[in-house]
Each structure stands twice: as C-alpha cells, then as structure tokens.
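Taken from Swiss-Prot, the feature ATP binding site applies to Pro97, Ile98, Gly99, Ser100, Gly101, Leu102, Gly103, Ser104, Ser105, Ala106, Cys107, supported by sequence analysis.
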Amino acid sequence: MSVVVYAPASIGNVSVGFDVLGAAVSPIDGSLLGDRVLVESGSDAFTLATSGRFVDKLPENPQDNIVYDCWKVFARELETKNVTLKPIHMVLEKNMPIGSGLGSSACSIVAALDALNQFHDKPLTEMELLALMGEMEGQISGGIHYDNVAPCYLGGLQLMVEELGIISQEVPCFDEWYWVMAYPGIKVSTAEAREILPSQYRRQDVIAHGRNLAGFIHACYSKQPELAAKMIKDVVAEPYRERLLPNFAQARAYAASAGALTTGISGSGPTLFSICKDKDIAERVSRWLQDNYVQNDEGFVHVCRLDKQGSQVTGSKL
C-alpha cells in the first residue's frame with residue numbers, strides 16, 4: 001500500500017492579517033506549486049528519501065529533516081490512541097524553495113502529516129492533525145503559528161481563531177481574483193524577518209491594523225471585492241521588511257500602474273503577491289515581475305487562483 005499527498009503553496013499574513021490570515025494558491029496553468037510526499041510500506045520503522053527541484057537545499061541527514069520530526073510526533077499521537085504505527089518508507093519531493101515566503105516548510109509538514117494519517121486510515125481528526133502541523137511549524141520558525149499550515153491543509157482563505165477548540169475557519173473570498181506570485185530566487189529567513197520587527201507599536205498603528213483587518217473580513221462576507229482589496233494594507237511587518245526585498249517598492253508601483261488591486265509581501269518574503277481582477281492585467285504584471293523582480297534561475301512567477309481544496313491525495317506513486 002502507498003499514498004501520495006500534494007500540499008500547495010500559501011500566503012501567510014495576506015498583508016492585512018499578521019499571523020492570523022493565510023491563503024492557499026495554485027497556478028492556473030495546472031502546474032504544481034507545492035511539495036509532495038509518498039508514504040509506503042517499509043521494512044524498517046522509518047526511512048526517508050528526497051527528490052525534487054530544491055532537494056539540494058535539504059539537510060543530508062534524514063533525521064535533520066522536518067519530515068522525520070513529523071513522523072515522530074505522529075507516532076507519539078498514535079501511541080496515545082493505542083493505534084499501531086506501521087513500518088514505513090517516505091519520499092519528500094521538495095518542489096518549493098526554502099525561505100521563500102511561500103509556506104515551504106508548511107508544504108512539507110502538511111504533505112507529510114496528511115500522508116501519514118491517510119496511510120494509517122485517518123486515526124487523527126482534522127483539528128488534531130492541524131494542531132500537530134502548527135507544532136511542527138513552530139519548531140522551524142520559533143513560535144507556533146498556523147497562517148501557512150491551515151490554508152495549505154484546509155484550502156482557501158483561512159482566519160486563525162484558536163478558541164473553543166477551533167484553530168482556523170475559512171473566510172469567503174473572491175473567485176474572480178488572480179494572485180500573481182513572484183519569487184525572486186533569494187532567501188529570507190523567517191526568524192530573521194521576525195527579529196527585524198519592533199517589540200512595540202504606536203497606538204495609531206494598532207488602530208489602523210484593527211480597522212484594516214476588520215474591514216477586510218467584513219468586505220469578504222458582504223461580497224465587496226473593491227473594498228476588500230483597499231483594506232489589504234500592512235502596518236505591522238511590511239514597513240520594516242520591505243528593505244529585505246530588493247526592488248519590492250518598484251514592483252508594487254508598477255503593479256499599481258498596470259491595474260493590480262493591491263501588492264504585498266507573501267509571509268516574510270521575498271515572494272510578493274499582486275491581486276488582479278482580470279487575467280490580462282495579471283499576465284502583464286507577471287511579465288514585468290519575471291523581467292524585473294526575479295534575480296536568478298531559481299526564481300519564478302506564477303499566475304494563481306485561490307486553492308480551495310488544500311492538501312489532497314494525488315495517487316499512489318510520485
């Protein structure tokens with residue numbers, strides 16, 4: 001028996017919701033922007049192989065790979081439920097650049113834990129699995145947060161609530177929006193991008209942040225796309241992080257002039273996203289970003305839509 005799970009890229013924060021909003025995205029051309037994990041029966045308790053475009057960025061020792069840690073916490077949870085852990089062989093197909101702001105670690109974590117759960121006939125509930133995903137994400141970034149793993153796993157636009165046993169709930173968004181994702185090919189460490197933020201904020205910034213986030217959520221529920229786009233402003237992180245992103249200011253200015261609704265930093269960067277209301281504008285912005293924002297052969301630009309499905313079983317073979 002074997003199972004393969006694909007986990008899509010995600011936009012942490014979506015500018016307006018620092019650590020509490022996240023959106024899953026997939027390219028409109030059908031290409032896979034995310035990681036895949038295979039779980040199959042093995043002869044040992046655990047073995048791991050790696051492949052994919054960004055495999056050379058992974059640690060050589062399998063026990064230093066986050067997938068190994070996912071297996072360990074999954075085994076811990078099965079023990080509490082008196083469920084037998086099967087001997088397995090796992091393969092991580094690493095298609096996502098590390099330190100990209102596209103939820104790369106979340107892709108590996110979600111694909112690994114979802115595949116492990118599927119392989120063992122789903123002994124863990126959705127929320128139990130999501131809690132483990134947040135725990136693993138915290139191990140990498142230094143603090144538990146769900147704004148990448150929740151959309152990556154559940155799909156769509158997710159709001160982190162973390163009350164009444166509910167970690168995250170989906171917020172209705174706009175199917176007509178195109179999300180242009182541009183990764184320049186350089187790395188920004190999440191931990192470094194967090195250290196650059198101030199320890200305290202001015203009262204007017206706190207008020208602006210609350211107004212923007214509340215206004216955005218209201219506009220999503222009341223189906224006002226223009227208002228929603230206007231509310232996507234970041235007063236918490238972007239003013240401090242944009243200096244880590246070469247040409248970000250120019251890219252944002254061009255996208256606005258080309259008709260994009262808004263442009264922001266995806267997660268902690270260096271990937272940016274531009275939301276466009278029609279395909280022609282999205283493709284125009286995409287071409288400019290490919291020529292002016294991408295810095296090397298590892299960079300790329302994709303025109304995407306919201307991925308409503310999140311992680312999914314794609315078969316039994318990579």
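Residue numbers in this text run from 1 along the chain shown.
Even glycines carry a Cβ here, placed using N, Cα and C.
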Number of other Cβ atoms within 10 Å of the Cβ of Gly99 (ATP binding site) across all protein chains: 21
Which of Pro97, Gly101, Gly103, the listed binding-site residues, has fewest other Cβ atoms within 10 Å: Pro97
Listed in sequence order, residues not in Pro97, Ile98, Gly99, Ser100, Gly101, Leu102, Gly103, Ser104, Ser105, Ala106, Cys107 with Cβ within 8 Å of the centre of the ATP site Cβ atoms: Ala9, Met96, Asn148, Gly267
Other CB atoms within 10 A, centred on Ser105 (ATP binding site): 23
Cβ-Cβ distance under 8 Å to Cys107 (ATP binding site), same chain, at least six residues away: Ala7, Pro8, Ala9, Ser10, Gly34, Asp35, Asn95, Met96, Cys152
